[in-house]
Protein chains: 2
Amino acid sequence: MAIEEVVQSYNQYVKKIMDFNESIALAEWDMRTGAPKKGIKQRSEVVGTLSDEVFKRSISDEMKGYIDALTDPSIQDQLSLVTKKMIEKSKKTYDQYVNIPPEESKAFVILQSEAQSVWQEAKEKSDFALLKPYLEKMVAFKRKFIEYWGVKTNKYDALLDLYEPGLTVQTIDQVFGKLREGLIPLVEAVTSSKAQPQKDFLSVPFPVEKQKALCLHLLREIGYDFEAGRLDETEHPFEITLNPGDVRVTTNFQEQDFISTVLGTIHEGGHALYEQHISRDLVGTPLCEGTSMGIHESQSLFFENFIGRSKAFWAFHYDELKRYGSGQFDHVSLDDFYRAINVSHPSMIRTLADELTYPLHIMVRYDIEKALFNGDLEVTDLSGVWNEKMKEYLGITPANDREGVLQDIHWPGGDFGYFPSYALGYVYAAQFRHVMTRDIPDFDNHVSSGNLSVVTDWLSKHVHQFGSLKKPLEILTDTTGEGPNPQYLLNYLSGKYSDIYRL
Amino acid sequence: MAIEEVVQSYNQYVKKIMDFNESIALAEWDMRTGAPKKGIKQRSEVVGTLSDEVFKRSISDEMKGYIDALTDPSIQDQLSLVTKKMIEKSKKTYDQYVNIPPEESKAFVILQSEAQSVWQEAKEKSDFALLKPYLEKMVAFKRKFIEYWGVKTNKYDALLDLYEPGLTVQTIDQVFGKLREGLIPLVEAVTSSKAQPQKDFLSVPFPVEKQKALCLHLLREIGYDFEAGRLDETEHPFEITLNPGDVRVTTNFQEQDFISTVLGTIHEGGHALYEQHISRDLVGTPLCEGTSMGIHESQSLFFENFIGRSKAFWAFHYDELKRYGSGQFDHVSLDDFYRAINVSHPSMIRTLADELTYPLHIMVRYDIEKALFNGDLEVTDLSGVWNEKMKEYLGITPANDREGVLQDIHWPGGDFGYFPSYALGYVYAAQFRHVMTRDIPDFDNHVSSGNLSVVTDWLSKHVHQFGSLKKPLEILTDTTGEGPNPQYLLNYLSGKYSDIYRL
């Protein structure tokens, strides 16, 4: 067969896998938004059947044939960049799956589901002992998988690579080390500042219907395309991509905490903009998705923090907000509103943490994961180490495991190596912001006159359009001229918080 | 392999097909309710991929193996009834698909999509000539398919069998003939009656929010389980089954015609009750769906007409309706309301026809289809014959093809043989009603005291639970002791309309 025909046949083969994936994504969206509960069990079996199909096709002999044919060094100059990147990604998935014995894969999936269910109970009862045996099995599985993959050096790198390809312990240690050095004294200064902002007006009840109208409006303002998406309500907000023409977001309306709803919606909107702007040429290929968890998070955090928590953004939108509200902001100045939505103090729960303390929560988890997989820590010691690290980094100690080691679903779900991407994304976002404000000198003026398209266009040009055609570090260095560098985030945070807390 | 193992393996094989089908149904529900328009093209490809998969598996060598093994006469006494019926249905699908050359199947699917799109335009322009070449190709395909299936006798029977297994031209000619004989004079008497009901209060604007609340309430009243379903809004109301625990309905709110909305919702609710009550033992088998279009329609029409248009139903719900309304019924007696919602007169459009004239619309289509496939009529003469038949059966002549031969999507969609099931369902429903009122002598009292569970339980016991385990005629004769008999429908209609129109 001529190479051209192999490529065509491979494209068709992969397109089917992507179609199955879209169908799985739709089933998940539906189950999380409004599927009637009596149909869920059977629906889960549908997802199982489709996932099986994706798995089988990803490691089939046919797939192996395409990989062998299209990674042959002698024909590389006949392949387009897209084909090369596609086959690279297919190969990565193949290698990741094929070396794990099927019965272990299956046992792992069952354990994931059991452990997450036990985690719910353990968290409610604040009883780590309940979860412990499941986490131990989970870690044992992951350690074995790392062996199967033949990783010899830093074993945790193998897990990082699943979420943030190319990032290693060596890099992250440096980035997080420097970030922590700058953050800890800043958090201390903020905490002990006498200039604590007022924020009681934020909890005046804000009717859900008004919040909904406000969120729809603000999503439109940041450039979210409602002809290629929709907003629904769920307990936990999320973004999910069916295809670039169908990128859905959800939010959770909280009557007495509208600002969390608004910022959460903008956060998911940031994820969605990334996916809506991926080049249509990549539809039907495995490259048609955000390139990594970290780059994805850089987009959501950019909009949530650098836009949604900025004075410039509210300079334009504050009068609108007053109209959606019921008088609670009438005697609140823009400056006081801005300070209120940026209140910071050390707290126990990551998902509720403010933008200043958030990275420290991630570092607690990073240190623990690294130690777990490099043989310096066992599951039995997790709770103790967690509490020590919280004291060391944030100056506070959880009263129990519910507000400590049991708070996140990631570990019971088998997601080790995922957490660092949250903080890395934040670091990337600040680097993008630095370059963007250099490229667009009147950046703040654009934002404060409601012209957010300059921001979205810039991100689209430098980040969004590529999907997974570029690796995360490639996007970062192509755009900013350097690798991960936490200095820009530190500059941003110290500038902003010195102002807010009159340091 | 032992028979038991073959059965198990067959069950698993078929379950996967059903899972794919559920996933197709979800994609369709989503596209018809709220999927963003920019994602539709790619979503259609997903549906194509999944449908291909279902098609391939339905005619695979593996399927052939199961069919051969499990229809072997020597092992029939080792099979359960469910397995026998499953394999019978698998075989029917296999035979239907396997004899048609794949390239013709594909061309037919493309033609369906083109013809439906051209139909939209032809209908708007009221220009039959536009659609004609597409309909000619469509009919030619269907005639060829009938050849492939090896049908020798009445060729139209082959098409009827796709929608109403077991029903033939011979039976339907008798049923429709007798029905028409009784209906035509009744329609004439109603039309010329001096006692025409008033109905202006039905078009007083009824706010959509109130209609929605009313529809949710009435669906609950007829027994629709919202833990196994949901109500959404679409231009054309429909019911769609994902699985028996997830049976969704939609409706279309019309501010100045709330009664169409209410009766349309109850109609879809009737379809949904059927599917919600199918025995859970049939989940994952091809028997887990209504047994035919006709039996399905018997359930929706039962609720729409015999319940929703009955005086007994409104005797209980009329005071409620007044509360949802805005005063327009304050001076309208229950009797006047009842007469208003049962106004009847010959009209052009089938979907807007009342319960008395509706069957005559179906007979126009039945006569035409029968003639088309038995060689007595060509597409070029459709429009003329349509108008003659309308004059003959309903006494009116369409002013143009938009309100004549172009009104329905069925023929451009390739659905020949489908129409008769609408009227057959109505005939069945009246037969069920006859037996039900004999089994439950105080039937009207139950309905007028809001106790609809006796109705739903009776239908569930005699019809719903079996899914496709029984053939339509089996359900009918097991329950009523006879085949299709239009006398009960005629008795019902002449009794009801003699009263309303003071004949």
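We number each residue from 1, going along the chain as drawn.
In case you wondered, yes, glycine gets a Cβ from its N, Cα and C as well.
TrEMBL annotations: computationally assigned, not manually curated.
These figures come from a predicted structure and were not determined experimentally.
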Listed in TrEMBL for the Zn(2+) site shared with B:His267, B:His271, one of B:Glu255, B:Glu297: B:Glu297
Beyond the site residues B:His267, B:His271, B:Glu297: chain residues whose C-beta lies within 8 Å of the centroid, for Zn(2+): B:Glu239, B:Glu268, B:Gly270, B:His296, B:Gln299, B:Ser300, B:Leu301, B:Phe303, B:Glu304, B:Gly425
Residues that sit under 8 angstroms from B:His271 (Zn(2+) binding site) by C-beta distance, when 6+ apart in the chain: B:Glu239, B:Val249, B:Gly290, B:His296, B:Gln299, B:Ser300
Intrachain C-beta neighbours of B:Glu297 (Zn(2+) binding site), sequence separation six or more, cut-off 8 angstroms: B:Ser421, B:Tyr422, B:Leu424, B:Gly425, B:Tyr426, B:Ala429
Cβ neighbour count (within 10 Å, all chains shown) around B:Glu268 (active site, proton donor/acceptor): 25
Close in space, distant in sequence - B:His267 (Zn(2+) binding site), Cβ under 8 Å, 6 or more apart: B:Pro237, B:Ser300, B:Leu301, B:Phe303, B:Glu304, B:Gly308
